[in-house]
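Everything below concerns the one structure shown next.
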Amino acid sequence: MHYSISTWQDYWLPPGVTWTDMELLADSDRPQPLDLLVALPLALGFVALRCVFERFFAPPMGRCLGVKNRLRVTAAPSPRLESFYTKRSRRPTQGEIVSLMRLCGKTQRQIETWFRRRRNQDRPSQTKKFGEAAWRFVFYLGAFVAGLACLIDRPWFWDHRECWRQYPLQPMERAHYWYYMLELGFYSSLLLRISVDIKRKDFKEQVIHHLATIFLLSFSYCANYIRVGTLVMLLHDSSDILLESAKMFNYGTGWRKTCDAVFVVFAVVFLVTRLPFVGFYFFNVLLMVLQVLHIFWASLILRMVHKLLKGKRLLSTECVKLSRDVAFFNVLPSVPVNLKVKTTIRFLSQMTSDQYESSHSNVLV
């Protein structure tokens, strides 16, 4: 038994530090594993509070930003196609489409149109997306302001060496205790609602992120890594605020330039605060999990910025081509006027912003 305890303390604590050293602190100043149970009712409270927020507060915020649901054409009732859609696949292969054509007596175009409309019915509305982003924005903003208020006058906020001075004999303050518990409760609530939230392309990565964050908060609290833990939480919340605000502007109408500006700032803050890495023993594993996810999301961000800049270059190139074509038409007086107009309209119709709009779907949608 003594060997087991000694092995665990060598695993959890730095060299030369034992669990006996932790007992020198008063019970009220020492983190206790049982304290983590407070996170469970807090998580349930966050779930209930989120339901109230998304129903009564998010819609007025969405109307202020011009959030509107897109009109969708519903798929015509078809029991056989519906059964295939729910039980087999939402995207049938070419061979399956041929079989469905024979079974339902429809053309290939009708089958493809039905499945496309049926998939659109299951997609979350703009108001639902906005409500989820607004809820996270409000929490991250409140958590960042509260965390900054309780850390800005602490010595380890300005000198990181203070995070380890006299460790583990570092008394825990009540403000930092609640900061930890609220963050732990919030991420636990996200994990509880993961099955009903909007499923994006990085759904699996989000599940791993929530689990790693919960384990990291729990074990760092028990090992009294409170000081460095609060700094890590503050850094993460700073970039999450910008991400969720960029999503909110993206779902609105007439806020494209604001969305792009906020997203660029978010990209800079994310790369600066998330990619630098330090860690110690067991926490290296959990931090490395977050690090891999940060690199994955950073690649999506950089890819989106590249598409955004590439789209603008293509647009400027098309404008130059258009000016040349107009000049060419002007020196050909023999060409009928209606032919000039038709050619110009055909050229302008090709200059759409589909590439520009689709570049925001990876991260902001």
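Cβ from N, Cα, C; glycine included.
According to TrEMBL, the protein has these features:
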type	residues	note
DNA_BIND	70-126	DNA-binding region
DOMAIN	68-125	domain 'Homeobox'
DOMAIN	128-310	domain 'TLC'
TRANSMEM	34-53	transmembrane segment
TRANSMEM	137-157	transmembrane segment
TRANSMEM	177-196	transmembrane segment
TRANSMEM	208-226	transmembrane segment
TRANSMEM	280-302	transmembrane segment
Counting only residues 6 or more past its boundaries, what in the same chain has a CB within less than 8 Å of a CB in the transmembrane segment (137-157)?
46, 53, 163, 173, 175-176, 179, 182-183, 186, 227-228, 230-231, 233-234, 237-238, 240-241, 244-245, 247-248
Suppose you look only at the domain 'TLC' (128-310); what would the mean pLDDT be?
89
DSSP helix/strand/coil residue counts for the DNA-binding region (70-126):
36 helix, 0 strand, 21 coil
